[in-house]
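Asks: Straight from TrEMBL, here's the annotation block:
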SIGNAL    1-18  signal peptide
DOMAIN    6-174  domain 'Phosphotyrosine protein phosphatase I'
ACT_SITE  Arg37  active site
ACT_SITE  Asp148  active site, proton donor
Amino acid sequence: MASSRKSVLFVCLGTVVFENTGLFCSTGTSVPGNICRSPIAEAVFKKMATDASVVDKWVIDSGATSDWNTGSSPDARGLACLRKHGIETKHRARQVTKEDFLTFDYILCMDESNLSDLKKKANSVKNSKAKIELLGSYDPEKQLIIKDPYYGHEEDFENVYQQCVRCCKVFLERNS
């Protein structure tokens, strides 16, 4: 990546039932990764950066630490929500790699389990440069956690979208 460009990776993690093994978080449910929250955040941020004429100064992506949905499109409800707001995405789910910790300036995740697990993984990567934070830490309404809408309804995806808009706006203002 060119040194003049900033880079951000939005991450939500797959989960394993009642198990904490490195990258996977312990929530007691089985949720696929990189098809709901993180692609919404990625698409919202790309749109904002494009509208602000700074998209060429950013490398923007999203991922998950599980490979369960690698190559899959985002959840249809998330795509419908984005389309409702005039945003299209060609995103395909991918797994976060060790190289991501070396190349991305920021890795923004969705909840505290994500944050803890990503920080552990970053500690195992020599020369990790990524600043790992909760995307919700940028929310002016102080909603720190971006809840997974996977088992919810369309309005849950709308809530994720609205929170991503608030957070990405502040993040972009502070980092452009």
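Note: Cβ is positioned from N, Cα and C throughout, glycine not excepted.
A description of the local structural setting of each listed feature is requested, covering burial, neighbours and distances.
Replies: Sequence-distant neighbours of Arg37 (active site) (same chain, six or more apart, CB under 8 Å from its CB) are Phe10, Cys12, Met110, Ile146, Asp148, Pro149, Val160, Cys164, listed in sequence order.
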Asks: Going by DSSP, is Arg37 (active site) sitting in a helix, a strand, or coil?
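Replies: Going by the DSSP assignment, Arg37 (active site) falls within a helical segment, counted as helix.
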